[in-house]
Structure formats: C-alpha cells, structure tokens
Amino acid sequence: MSTAPPGPDVLHTGSGTGDTLAAEAVALDLAHAATDLRRRFDLPEDVVYLDGNSLGALPVGVAEAVTDAVRVQWGRDLVASWNTHGWWEAPTRVGDAIGRLVGAAPGQVVAGDSTTVRLHQALHAAAALRPGADVVVTDPGSFPTDLYVTRGVADQVGWDVVLADPDEVPRTLADLAATGRRVAVVSLSHVDYRTGRLWDLPGLTRAAHDAGALALWDLCHSAGAVPVDLDDHGVDLAVGCGYKYLNGGPGAPAYVYAAARHLPHVRNVVPGWHSHARPFAMAPDHEPADGAARLRIGTPPVLSLLALEAALRAFDGVPVEAVRARSLSLTRFLRRCVAALVPGAAFVSPDDDDRRGSQVGVRHPDAYGVVQALVARGVVGDFREPDVVRLGVAAPYLTHAEMLVAARELAAVLAAGEHLDERWSRRATVT
Ligand SMILES: *Cc1c(COP(=O)(O)O)cnc(C)c1O
C-alpha cells in the first residue's frame, strides 16, 4: 500500500488546513448563494454528484413533463399531438432553447439523434461547403467517437485526416498551406473530455478561417457550463449532446448548429422526410426545408425531446456567464482542497481558469479503484483511461462544501488503501 499519502491526518486532528478550508467553504457558498440552483434539481441527499459531465442530474419538473407527455399527449390526445402539442416543431423549438445556452440566435440549431450522428452530418455538410479542399484537421486526443466518425467521413469524401493538438493547429494549418494543401474543416472539442482542458474557440476559429477552412466545434463538455458564443465568434458548425451539463437524461437528444449564413447552402447527408420543405406533400423528390429544419432527419424521439426541453428550464433566468463564474470558483476550490489534503496529487486539469473547463482530473495508477472506493463513500465521479479520476463539476447543483467533502473522502480512500480492494479488480461495463 505504497500510494497512501502522508497528509490526511490533519483531517482527524480537527485543526489546521481542514478547519481553514471548512470556513472558506462556508464563506464561498455564501458569496455564491445567488447561483445555487440545487433546489431546481432532484438529487439524493447523501451523494456528492461529480459525474454531471457524463449524466446530468434530474431537474425538477422533468418527471412531470414526461408524465404529461405520456399520459395526456400520447395517452389521451394521441396522434393529434403532432399538431396540438407542438410535437412536429419540437426539434427546432428545443434547438432554439439550446441555442440560448451556446450563443446561437434562433433558427440555427436542431435537436435530435446522437452526437455521433450529428457529427457525421456536420462533417458531411462541411465537405459540401468546401468542395476541392481535401483535409480535415482534428485533435488526436478527441473523444473516440469523434475520431471514428471523422475517419469514416474522411473515407467517404476523400479527405486526409491530419491530427494536431489544438495548441499546434495554427502551425499545422500554416504548414499545410505552405505545401499547397487546402483544409476543408478544423474539427475540435471545446473542452477535452479527459483532461478538462478548455481550448481557445475564438482564436482557433479565426485560425481556421484564415486558412480558408470551416470551424466545427464539439460542445459536449462545454454547453451548459462554459459560455460558447457561437454566433459572436463566427463558428460555422457545432454539435453537442443533451445528457451532460444540459441534464436531458439518459440518451437525451443531441443537436447540430449551422450558422445562418451557411444554412441555405448546407447539404444534409441524411435527407429524411422531416427535412423536406413540404413533408406531407409526400413528394418523391427531396426538397430541403428552409433554415435549421433542413438538418432534421426522420421522426424525432419526442418523449426525450420533451424531457430535454423541461430540463433546460433549470437554466431559466441564469446567464451561462453566472454558471461559469460559479463553476470556476468550485473547481478552483476543489483543486485547492485536493492539493491540501492529498499532497502530491497529480492534476491533469489546468490550474489556469482560462484553460479549465468544468472538471478536475487527478491521475492515479489505481484510478479505477479510487473512483469505485469514492463511490462507496458517496462521492460519485468516474474513471477515464488510462489513469484519470475525473471529478465533473456541474455548478448549478454543487456547493463549495461538497468540494471539500469530495477532497476529504479522496484523502480518506487513499490513506486507508480502499482503492486496492479486491472488489475493484474487475471493471464494470460502464466505468
Ligand atoms: C459524450 C461525448 C460524445 C457522445 O456521443 P454519443 O453519440 O452521445 O454517444 C461524443 N463526443 C464527445 C466529445 C463527448 O464528450
């Protein structure tokens, strides 16, 4: 049991660092009381939930909305609900609601399907908007589905995939230009799912444009946690999922954004009947709808869309900038608590506020065991290959006091060697 740190005895003496941090937690929670939205969520009392970046917590009102959708809209009003309860417009209506959180004016976002499908669609749209260019630049550290889909689309449209760390993208673009290569799209995640690193969306979007390329951003780990401002920064295309910081529930619909200036020219690689200008004309030939509706596919998951719509109300009246300010305070404090109580903790998340998304990751050789032992103590984070204890901080429903609890439990797990328990030697399907 060589990995136990020497530090945590300060916890048990009830003096020094532990007391100071506890007093600070109280003061910080008071200072940030205005953005404490815990009462808008239905969370178990005895859990510190640090996995809202994998599955967001259940917002109050979602269960009622789903019950109404099932019992009244489906059960009683039946097929008329496509008209009377606005089922038909749900993908664009929910898209606009997501747009408010990512800085997209109405009419540019459509919700439905998964991030994987939406990324496939967005990359194909990029290919059609940039005929003659034959390179896609992406981050080798991207979430796996993003890499798989990017390679898949590249094979289909005849692109070369050039991998570059986001920091290196401007130089890579210059090198490609110097050799006469034309880049169709730079496709990156706004926040790295594993490290929590927040990339420079405005700067990298400009760099893509300077190279004649489009900028496509995956917002899975930023939407609902970090201001994105898609319109302000001139982003061309974006995708993201509904079940992380947007709290839409398991398998919640994803979304795709296409800037208004591109929409009239956007080609939908899956031109299903819901993307038709006159779907009920049942015409044999496809004629794309105007606006974001042209990125619809087929019949949307209505119950899930209505759940997501209700979930988004948890953000009502609260600007994303305020959520971000709370998130930064929480992650800064969590980091400080861990550093104080687990000496030598190896952080993977940046210390610098401008470079940190909304999570704190710590490397540990037995990270899987550490996460499981933490869960057993009521602190729910998750494990990411190869060695990351990932503590996601969904600011609306977390407090500074909980950050201290999480750090204390982490220290206690390591001090007692609980991460080495036999029970954690077999991994569950979902880690
Ligand atoms: C969560 C996540 C996904 C998930 O894609 P699904 O199609 O919903 O399975 C994709 N990309 C990134 C960057 C993610 O964080």
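Using the three backbone atoms N, Cα and C, a Cβ is placed for every residue, glycine included.
Unlike curated records, TrEMBL annotations are generated automatically.
Note that the structure is predicted; figures quoted are calculated from it, not measured.
According to TrEMBL, the features are:
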BINDING   Thr115, Thr116, Phe143, Pro144, Thr145, Asp146, Asp218, His221, Tyr243, Trp273, Thr299  pyridoxal 5'-phosphate binding site
MOD_RES   Lys244  N6-(pyridoxal phosphate)lysine
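Mapped onto this structure are the features recorded in TrEMBL.
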residue: Thr115; record: pyridoxal 5'-phosphate binding site; contacts (Cβ under 8 Å, 6+ apart): Thr145, Asp218, Cys220, Val239, Gly240, Cys241, Ala254
residue: Phe143; record: pyridoxal 5'-phosphate binding site; contacts (Cβ under 8 Å, 6+ apart): Ser189, Tyr193, Asp218, Cys220
residue: Tyr243; record: pyridoxal 5'-phosphate binding site; contacts (Cβ under 8 Å, 6+ apart): Leu55, Gly56, Gly249, Pro250, Gly251, Ala252
residue: Lys244; record: N6-(pyridoxal phosphate)lysine; contacts (Cβ under 8 Å, 6+ apart): Gly52, Asn53, Ser54, Leu55, Gly56, Cys220, His221, Ala223, Gly224
residue: Thr299; record: pyridoxal 5'-phosphate binding site; contacts (Cβ under 8 Å, 6+ apart): His274
Protein Cβ atoms within 10 Å of Thr145 (pyridoxal 5'-phosphate binding site), excluding its own: 15
Close-lying binding-site residues around ligand 1 among Thr115, Tyr243, Thr299, where CB distance stays under 6 Å: Thr115
Neighbour tally for Asp218 (pyridoxal 5'-phosphate binding site), based on other Cβ positions within 10 Å of its Cβ: 28
Conformational class of Thr115 (pyridoxal 5'-phosphate binding site) under the three-state DSSP mapping: helix
